[in-house]
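A.B. asks: There's a structure below that I have some questions on.
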Amino acid sequence: MVRDGIYYVVAFVAVAILVGYFTIWPLAIIPLLLAFFFGWFFRDPERQIPQTVGAIVSPGDGKVTDIVTVDVNGEPRTRISVFLNIFNVHVNRSPIAGTIREVRYQKGKFGNAMGAISADANEQNIVTVEGEGQTVIFKQIAGLLARRIVFTKKVGDVVGRGERVGLIKFGSRVDVIFTSESDVSVKIGDHVAGGSTILAVARVAHGNAPVLSGTERGGAR
């Protein structure tokens, strides 16, 4: 379980104890059930990180809702959107190994994250990672329920492919934007797992950025 979930669990357990002590114990079942729910909701399972050279992995669990070509500084790029519902794991992971070059917070709306305009209009965190001979942008996008974006890294940090870098509370959307000279490995409607599902493989030269081998360890901070 990620650290952010501990507060919810402890709070509801405390409420259950107080309710059970000052009233009748059956009423304590409700806050206890909520404590179990939040413990499950903020789960943080280990993932097997792919070792494919040039692989771009999904930053989060969810369903692929969009694969389009977008313009980035006058150049065509591929954007894959993954929608996270309330039942998905909400931990976000780096799509590639490399160095974080930019982290930019953008204020915005809290509209339906599945909508086409949410990619630009909604509140979001925009992260640029450079490594393995490529530059990848991924966005943590807020939605109707998800109004709390957490990012645990900073500019200059070196991350491994699939390494935990944050989370979006209560579901939303992550976008990955990368060079169009890549072989896309998923299609719209596919269900993907953060850190382990390969979204695409770049057809570029690769550097020596770190790639975590096997199962990545350690929780989101």
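From the backbone N, Cα and C atoms, a Cβ is placed for every residue, glycine too.
According to Swiss-Prot:
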type     : residues : note
ACT_SITE : Ser172   : active site, schiff-base intermediate with substrate
MOD_RES  : Ser172   : pyruvic acid (Ser)
A.B. asks: What does DSSP assign Ser172 (active site, schiff-base intermediate with substrate), in three states?
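C.D. replies: Strand, per DSSP.
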A.B. asks: Ser172 (active site, schiff-base intermediate with substrate) has how many other Cβ neighbours within 10 Å of its own Cβ?
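C.D. replies: Around Ser172 (active site, schiff-base intermediate with substrate), other Cβ atoms within 10 Å: 32.
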